[in-house]
Every structure is written in structure tokens, then in C-alpha cells.
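Quick notes on the structure that follows.
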Amino acid sequence: MRRFKRKHLTVVDCHHLARSHLAVTQPFSQRWTNRDPNHGLYPRPRTKGRNRGRGCQRYISEFFLAGHQHCTNDMAKSNSVGQDSCQDAEGDMILTAESSCTLPQVDNGEARLGSSGSAQPARKRAHCFEEATESGQWDGVTKKTPRHRLFPSCSRLREARQGAEDSLSQCSPVPGEAGRDIEDIGPDPLPDSYYGLLGMLPCQEVPSHICRLPSEVLRHIFAFLPVEDLYWNLSLVCHLWREIINDPLFIPWKKLYHRYLINEEQAVSKVDGILSSHGIEKDSDLCVLNLIRYTATTKCSPSVDPERVLWSLRDHPLLLEAEACMRQQLPDLYAAAGGINVWALVAAMVLLSSCVNDIQHLLFCLRRPSSTVTMPDVTETLYCIAVLLYAMREKGINISNRIHYNIFYCLYLQENSCTQATKVTEEPSVWPGKKTSIQLTHEQQLILNHKMEPLQVVKIMAFAGTGKTSTLVKYAEKWSQSRFLYVTFNKSIAKQAELVFPSNVICKTFHSMAYSHVGRKYQLKKKLNLFKLTPFMVNSVLAEGKGGFIRAKLVCKTLENFFASADEELTIDHVPIWCKNSHGQRVMVEQSEKLNGVLEASRLWDNMRKLGECKEEAYQMTHDGYLKLWQLSKPLLASFDAIFVDEAQDCTPAIMNIVLSQPCGKIFVGDPHQQIYTFRGAVNALFTVPHTHVFYLTQSFRFGVEIAYVGATILDVCKRVRKKTLVGGNHQSGIRGDIKGQVALLSRTNANVFDEAVRVTEGESPARIHLIGGIKSFGLDRIIDIWTLLQPEEERRKRDLIIKDRFIRRWVHKEGFSGFKRYVTAAEDKELEAKIAVVEKYNIRIPELVERIERCHIDDLDFAEYILGTVHKAKGLEFDTVHVLDDFVKVPCARHNLAQLPHFRVESFSEDEWNLLYVAVTRAKKRLIMTKSLENILTLAGEYFLQAELTSNVLKTGVVHCCVGQCNNTIPVDTILTMKKLPITYSNRKENKGGYLCHSCAEQRIGPLAFLTASPEQVRAMERTVEDIVLPRQEALLFLVF
């Protein structure tokens, strides 16, 4: 065996050098000379043609720059919540917080400088040294010949390594080693407990990379990872890692935050104790100031220098405001013996922040080399503030959810950033053929790592725009040896899925599979009804004396309920409990009517199932009918390893029965908050179906923070969804009225869509428009037919007006327009009701308006100036700018005025209404134009779009009055800060110009946060203004009735 040729130092030598003024551990902090005193201690590069072994590094710095390990196909099975493979877990150790929280540019450039002052990162400086010189032997054997002119930092590193080699050669216990052929020297081993300074035997096993790091370094790395990863993956690696993660002193606030979210009893008790013992209570005006005082008690490293922290924060836009607040309200923390309390200052800046960018800028400043705080300490402080803010809202304290959301958003991006994430090419449903490249999030990677087994039921709870389709595509690609069935409800989505899924996936709709097995038989017999079963059809076949459109509607609804159910027999339980009488009133169905309804529905179903020809439309088989027959036949899909059910929130019990009865694995994917088809009998499979595994997708690729905040707040305030929070990306988005890119006008009803189409096509230069779903599906022909039916018979003959629609034409010889309208009301046909409303509103202008809309409509939406449609048709699509029109559910006024409307309750509206609004909001990518009602919803969470400014700056131009119309207060000179309402433009084109609020009006809106701007005594001394609420006439009548 050849001799291992390395310079060796004894332990005594190492300690001697460490205690010397040369400081071996920090050679670059010494004064540079032509000969570095540590010359010889640096690893030596290879100089001849012999290749290094695979995985070996040349310099010690390469050990810490290990490349990211890509995931292989051999992934471990996940637990009930999923887990990463070992390779992926190790790859995630390499974190760059700058990718998520660092601002793109800073004027002074300090953030990009290393501790040595070089503008180049350390790894780039080492790489520059290797490339800029040719290899040669050291110690006088051969000198290095420069290829180019070296950068100063590269030159210094070269000199440092040469000097270190000479110094080490003097201490070598083996004389003459320096003169031997350097080719015989093997590659540097990986660091051991002495980091290679004592050498390494040839037979010694090379240790793994990260496992040999000291516990202190591991703790620092682990602090940047999500809690889920720490407990589900890293704690299973080895005993050392498990001990670190379970150490109560390791990230205590981060752990406490997540334990509080899941209502762990000890965590809730601990946080409640902190709130009560430190005066952070609902009845205390100073609860926010007490929160800052408690945060100031956070333990930090003794090396924290307040002056250097202040210097690193010098260009933060909230520094002056936070300092002024502490100087006036917390003088003991501002003028502490050791300097200003750093964590109190950080807490004040966080509480005064108005957007995520303020928190990101704070993290950016504290990450500078001039700052002496560590990022784990900063992160722990933010988690401390976050858990206290969350608990304050739970206790009913009037505090904005925006502050907690800002903190959570920044920490989420910091912990879930990945420098080398897997890229996916995804084809959006809006623009077929146009592919965009995205990066798989950590949540998506967890799903990919899970191997499906027979009978498993997996749920993927995905928020809007989180990449459901791309996740399923990558899953199918990863598990390419398995066969999958992708099923959805929409035919166009299934066709687009065929273009993006790999060959091991079959893409179908539920109805297409049922048609191939059952429906085709009825088509061959010409007994297939291509349209929906209507009360008009049913009324024609009801028994004599038992007819009428109200009874026919009851029979239709009974059949619809049976088709949607998983039941095998039609029973009285399928008859609706409520119906509308002839006066349009909602009444309970009597028992006798129920019995009659189930008998007629059973007779109708028996005739529909017969394959013989029939003339009556009511006896023809419908699409939902043959789907029910297929479900009753108990189909077996045995050729697939797993079934992907997309948009699972819209599944009917019949469809769930088909899927759950299969022996293969099942993956239900969808957003439970996009369920908007309950009127069709859909139930939310994501809530009702028991599961073996559940995963979440919470980060949207579609929009940035502002739009994400609006969507998250709708779920928070209106549906009490707080355990999982919707977040977006790090790109810009806006919600205060500006427009960017293509504009979509989204409405709840078709009548409002028609109104907007009329508005945007008016004038000398009408806009190019596109109706979602196409102009034919919008039904302009039926609007013309209804208008024709409205005309007198003489007028129809005179102008040769013809009604094309067969159903509407029947009413010409029956009861005319009035009878048609009564039928639509009794049948509760929402589509025809909207068209009748349009005809009655525009009357004689209908032919002209329809012709104009048809002329301005273009089929290619890429070239349209405006895209119009209902939320139901826009579901699954996305647009640059979204105008939310004013026909959605309404909150009549802001939170501070709701006391004047004691009967208003958010809970009084159905979940479908809030889901419609959520779907509309989350279609936006760059800009969202809100209604006044939508802003009022945000005020329910405490968001009033206020921004703190120094009172001294506000009063530079003289006396400033409060911007609230009925308030007579002025801004006092002796206050510290003043809140400014930011301007906003609503979707009806009205503008709120904003302005400065007096401290009394500010306190009504933001509660105890106002006492950061002025003392409670100053606020109470001001006149309190009660605003008059002016509601639209229709809304006022509704509140009087209910």
C-alpha cells in the first residue's frame, strides 16, 4: 500500500495555531502579505492528467457547495400525510432565503457584499481562482502561470493558499514530503471532527456530507425548514437529528405556532397564559404596546449590536415611524442601557407594515453583513409575533388579519424556497398550445413521492391556481410503469388533458364512459334526449288532474335527485322538501304531493329505461339518466392502477359510488371552496369521502400577494377557513384599481353580462369583445326569439319575424309572452328568467343591441379587449385583470358601521354564494378591480388600506382635516403618527381618493393599533364621529324584511 502523503498536525499543534495571533480558523481576516503565514494549510489542486475520483472535492470549500441531488424514481412510500425521499430531503438543505425574501436591488449595494467587502460571493471567488490560473506545482517546483489578469480577490486567495502551504510544510513531521511528486497525493478527504487538519488514513471510511456537521450548524440549517419536514422526514434520519429537532430549545416559537394552529391543548394554554399575564387582552387599550414589550423580552445572541442593526435598517421605509413610536410610547425600550431594544423595534415595524413587501424588506435589511442578528433569531421573533397576533384574533381583539398574513407569507416563501426545483411545462386551459414553465413546490413534491396502492383513497386539497393539473401530469410521468385513468366533468378539459398527460394516462369524462357502455344503445334507437328534462316536457305526460308546471317541476326535481344519488331505488326521500307555489312563495311540500311526485317520477323513469321508440320527449333517455344506469350496473375498471378524479368538489354521490367501488387506488383532486354546482346535486367529495392520505396545495402560481390576500380573507371571514392559508408568488399584483393587460368582466348572472356587453360596445369606437364559451352558448338567438314573442301578432307578420327556437315557438299559439313568463317563474328556470329580464329592460333596442354585440364579438380571445362571462363559465380560466361586477353577495357597509345593521350576519348567506365570489377573485393574475362590497368584506378582517406616516410630515403644508365626510376633527400636532387611507377605484368606476384620518376615526377602524400613533388619552379627547349609512333601496328593503 502506498503511503498516504499528507501534512499532519497534532492536536497540540492545532490548539497552538488556534490560540496564536495568526488565527488559523480565520486566515482571511489577517493582513495580506506576499507570504501568508498560514501557507500550506490550504488543500492543493491536482496538476497533472490524473482524474479525481467521483464525488471528491479539490478544496475544502467544495464540501459545503455540494450540488443539489435530484429525486430518483425510487421514492419511499409516504405516511398518511406524505413524506419526501432521502435524496429530496438532503437537497432541500441547500436554502437560499434571498430567492424568496430578498429585494431585487438596493441602492447602496451593501446587501450583495460579503464580509470581506468583495461584491462577489465566496463560492464565485473560489471558482474564479480555479478558472483564472493554470495548475502548477507549489513550493518552488513550478509556479502558477496566469491565463488572464486576475481579480484582486482571486489573486489574494492564490497568494493565501501559497503562503499557507509553505507554513504547513514547516510543521510537517515527515521531512522531504514537499519535494515529492504531487501527482501521488490523493484527493482531500472529507472533513472529520477536526475538519481534515489532522489528516486521514487511507483505509478510513469517508463520512457522509451533512451528517458530520456539528450540531450547531445542523440546528442553524434545520431552522430554515418547514415544521412538517422536520417532524415527518428529518426526525426519521438518525438519532442525532431527532434529538436536535425534539430539543425544547430548538425553534420553540415556530413549534408553538404550529401547535397552536392545530389547537393542541398545551399550546393553547401556554399562549393564553402569555396573553393574560402580559396585558394582551380585549379590554386593554395598550394590548398592542404590551405585545411589543413582550417581544422585547425575546432572548438573543449577546453579539447583537443595536447600533449596527440600526445601520442595517437605515433605508427601510418604516424605520423612522417605528423609532418615533418607540421614542414616544415605549421610552424605556428606546433608551435602554445597551441601546435600543432590537426586537421591540422589529415588532413595531412589523405592526406598522401595510404589505408583505415591508416585511420582506425588513428581512433583507437584517440579512445584511452589517447586521449582527442571526436569521434563526429573526425567524423566531416573527413566529412569536405571529402566534400572538393569531391568538389575539381568536380572543376577539380588534386586530387586522393583514399583519399576521404578511408575516406568514414571508416565512412561507422563505421556508419553501428551492434553488433547483423541478421545472414543469404546463399548458393553461385559457390559451391552448401556449406552454409556461413552472417550478414544483415542496407540497407538490410530497405528492409525487407517494406511491399509490390498491384501495387507497388520496385527497389533494388544492387552492385556486396551485397547479393541480401539472401535479397530476408529473405524478403520471414519475410513475410511468402504472396505468392511470383521468376523469373530469368537462369535455373540453378532458381533450386538453389528452395533450399534456403522458401515454400511460387515459383521459375521459364520466358521461363519455357511461355513453360508451349504456348511452350508445339509446342513441341507436333514437331515444336519446340531447337536452335537459324540463317541466314543460313532463307536464305533457302527467296524469289527468295531476298536471301543472309546479307539479311537473316537482317531478323533474325528484328525478334529478335520484340521478345524482347513489341509491338503487327511487323513493320518497328523493322528493324535495321545499317548492314554490303559484304565488312564487317558498312553501313546504305536503305529504300527499310527495307521494304523487314519487309515483309520477317512478312511472317516468320506467318509460325512460325502455329501449323501444317513443314520441313523447319526457320518455327519452337523458345524459344524467344513462349515467345513472351505468352506475347501477356496477362497472369495473380493473385495467387501471389508479384513478384521478379532477374537480372532485363537484362530484355527485352517484359518481363517487362508481369511483369508490373500484379496487384500484383513487386520487380526488379539487378545491373545496370552488363548489358552485350544488344546485345540480353535487356534494363535496373532498369533505364527505373518507381518505387514507391527504395532501394540500396552498401556493398559487397564478397571482401575487395582494390577490392572494383577498382570496384568503374571503375564506377566513366568510367561511372561517384559517388552518390552511392561500399564498401566491413573489410577483407583483394590485387590487386598488389600476389595469394591466387583458380585462375580464366577470358576473354572477347572464343578465349582467349582457349589460356590460352593451356598455363596452357603445360609442364611436366599440371595443372588441369575447363571450366566454362562445356567442352561440350565450343564447343571443333565444333573446331575439323571446323579444319576437313579446311583439304583437300583427307586428310579427308585418316585419316577417320568425321564432327559431322550437320550445319558445310553442307559446305563440298557447298563452303568448305572459304565459311563457309564468311558466319560467313556476319552473324556476334561471337561464330563461335572465333572458326575459334582458328583453323587458331593453325592449325595442334588443335587435340593434344583439346585432352590435355579434358584430363586435371575436372568437379568438387573445385579440379581445374585454372578455365577458359568468363565473360558472370562467371557472378554470385566468386573466390578467379581472373586474368583479356588482351582482354578487353583498356586505352593505364596513365593519365599524355594522353595529347599525344588527340583523346582518355573514352566516346567513349560503356557502355557494361565497364560493362564487372566491372563484371570481381568483381568476385574476395581475390586477383585481374590486367592488365596494368586496372592500367591506376585507374590513371585516380589519383591512382598511391604511398607511402610517409621521405627523410632522403630514402637517408641513398646514392644518389637515380628517378625510371622513362627516368628521370635523383635524390632525393634532402633538401626535406621533397619522394614518392615511390609500386611494382605490371600484369596478363601477367610482373612486375613493382616500386621505388622512383623525386618530378617533382610525381607532374605530383598526382598534388598538391606533394607540401606536397617539396615546389613549389623546384619542379619547377627540370627537367621535358616527357615519350615516345610505343603502341602495333594494338592499334597504331586504334588511327591513329579514
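A Cβ is built for glycine as well, from the same backbone N, Cα and C atoms used for every other residue.
Feature motif 'APIM motif', per Swiss-Prot, maps to range 806-810 of the set 396-400, 526-530, 806-810, 856-860.
Annotated by Swiss-Prot as motif 'PIP-box', the relevant range among 57-64, 513-520, 769-776, 889-896 is 57-64. DSSP states for the domain 'F-box' (207-256), grouped as helix (H, G, I), strand (E, B) and coil, give 33 helix, 0 strand, 17 coil. Within 8 A of the CB centroid of the ATP site residues Ala462, Phe463, Ala464, Gly465, Thr466, Gly467, Lys468, Thr469, the other residues of that chain are Asp671, Leu697, Ser700, Phe701, Arg702. With helix defined as DSSP H, G or I and strand as E or B, the motif 'APIM motif' (806-810) counts 5 helix, 0 strand, 0 coil. Counting other Cβ atoms within 10 Å of each Cβ, the lowest count among the binding-site residues Gly465, Lys468 belongs to Lys468.
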